[in-house]
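Taken verbatim from TrEMBL:
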- 100-282: disulfide bond (DISULFID)
- 99-355: domain 'Olfactomedin-like' (DOMAIN)
């Protein structure tokens, strides 16, 4: 029994030694694993750092590329806009006939042809026709047009008896109407911005249009009855009006008189304050100013739609030998004269012109 017990003790001691050796081996492996784990962890951290750095580099280069792309797109857009603006200007010059190169340099004389009718009104010839007929439109609201064979008939004392009466289907508003190539163009009374095209010989409406932005405020502060002033020059039909959005500055619109379509619109620096009338001549707007009580009328603002006239180089042109105010002033491109209505008088002004610089 003792021998057997001793044998068991020896076996146990051997097992203990073996276990210790095994434990040492395991611990050694574990230590190695921990070291390897730490190394792997360190490598992973280094790799993550490199990935983050690479991502930042990618983001940076991506942003630079996008920025350059945006700059290129912006530059291309500006170039395209400049090309379009140049093309538009070229078309405008062709449309407006750039050979029209004269400008107003003075008003040399006036002639009071007749004194008839109300304080407000309009009279004119048709510059688009060869005939010498005179048209009288009395009052700021009316629907009767008087047509005279010539200016001699108009000047006679009993002139109304010899006039042909044309009744319009709708009355006009203001004094800004115009007659061109056999048609009367006028602002329809009671409408905000409707322009009527009326065939005088056939006595019927030929067309109509709405003028965007017009009709809310007077075209001229001193002529509050006129919201839309129509004009004729060498290039055809124009509309002159003011808008609240422009601070009361005058807006001019080129209208195709045949199709009644808007061709182009310009915002001008000319203010409607203390203005009583305006007219177009050779693509250029001339705004006539006065005092509220009436006095000497002067042209104080000029605007050329093609930029061929420098407003600051033009002196204030005054209307000679007359004190009062104008209800309307229209330019006749055929005769190079102004047909004006001043306090019930029908007046013709002759003009001095010069070449545009």
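All positions are counted from 1 along the displayed chain.
Placed from the backbone N, Cα and C atoms, the Cβ positions cover glycine too.
A TrEMBL annotation is a machine prediction, not a hand-curated record.
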Taking 10 A as the limit, how many CB atoms besides its own sit near the CB of residue 100 (disulfide bond)?
18
Please work out the number of neighbouring Cβ atoms within 10 Å of the Cβ of residue 282 (disulfide bond), leaving out its own Cβ.
24
